[in-house]
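Q: One structure coming up, written as structure tokens, with questions to follow.
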Amino acid sequence: MTATIDDQEKNQRSNPDHEEYQYLDLIRRIINVGEVRPDRTGTGTVALFAPPSFRFSLADNTLPLLTTKRVFLRGVIAELLWFVSGCTDAKMLSSQGVGIWDGNGSKEFLEKVGLGHRREGDLGPVYGFQWRHFGAEYTDADGDYKGKGVDQLQRVIDTIKNNPTDRRIILSAWNPKDLPLMALPPCHMFCQFFVSLPPADSPGSKPKLSCLMYQRSCDLGLGVPFNIASYALLTHMIALITDTEPHEFILQMGDAHVYRDHVEPLKTQLEREPRDFPKLKWARSKEEIGDIDGFKVEDFVVEGYKPWGKIDMKMSA
């Protein structure tokens, strides 16, 4: 069973082709016809499986940062740089005023998932560890893993530069061997990059870089807006380092769900019209940044972000 947006409602939209409607229309569909399901957190969800992909243009420095509510951009950037650094310590984010991992890194939560021997904040071999040290033996968040495991992120960058038509430009956070060691298995778990080569009649133009990300568990209220912005930013970062043009970010979802206690706040969000997406500029040049590890929070300059106000939703851990 599917629910469609009627023509009358579409005609009332001032900008019916705005890419944010992909997100809003999926939320409406889930609320209307989704399957009511129990879940790990005890909150309960309304869910659909494998909805159509979202596609967001990254051309002309566009950043698909949702506008029908304010997205915590500073938190998105800090978390992304935390991933890139390979860090697995939630306290490193907390010290920057970003508490999005505090619930999963609390002593109470770690004990609940059988990891009570870890110190508070030690999340185990989560995203950043897999990106930079896949296959290395994890000890704790304070270990020195330099040169250990597979640096997938650097391999992605090297392959884009040296073999751009490769069909194996993959970044995976899903490592079955390490799942029992993680405070929370990865939700956004896998992505593939694709380089479109310059056309024959324009050999001097830059190749175009796109990213497809698969997300197994998709919290539409809180997580997905964050994840869209994060992987769009990652694509922009890699494009700068590899001298390619950011082109498109595609999100394919598995279990796409709305938590039961998010339904009413999201109905408020559905009443809002999307505004123009902002633009991303770099405060420093490619030469000044140097490599993927050279980015700083201050390098991300987002211009023209004029969202609607914040909508509070509780996180289920």
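Note: Cβ is positioned from N, Cα and C throughout, glycine not excepted.
These came from Swiss-Prot, pasted as-is:
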- R40, R167, R168, R216, S217, C218, D219, N227, H257, V258, Y259: dUMP binding site (BINDING)
- C187: active site, nucleophile (ACT_SITE)
- D219: (6R)-5,10-methylene-5,6,7,8-tetrahydrofolate binding site (BINDING)
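Looking at the shown structure, what environment does each listed feature sit in?
A: Close to S217 (dUMP binding site) in the fold, though at least 6 residues off in sequence, lie C187, G223, G254, D255, H257, each with a CB less than 8 Å from its CB.
C187 (active site, nucleophile) falls within neither a helix nor a strand when secondary structure is assigned with DSSP, and so counts as coil.
In sequence order, C187, H257, Y259, S316 make up the list of same-chain residues 6 or more apart from D219 (dUMP binding site) whose Cβ falls under 8 Å from its Cβ.
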Q: Using a 10 Å radius around each Cβ and counting other Cβ atoms from all shown chains, which of the binding-site residues R40, R168, H257 yields the largest count?
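A: Comparing the binding-site residues R40, R168, H257, the most crowded Cβ belongs to H257.
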Q: What is the biggest Cα to Cα gap, in Å, among R40, R167, R168, R216, S217, C218, D219, N227, H257, V258, Y259, the residues listed as binding dUMP?
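A: Pairwise Cα check on R40, R167, R168, R216, S217, C218, D219, N227, H257, V258, Y259 gives a maximum of 36 Å.
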Q: Give the number of CB atoms, excluding that of C187 (active site, nucleophile) itself, located within 10 Å of its CB.
A: 17
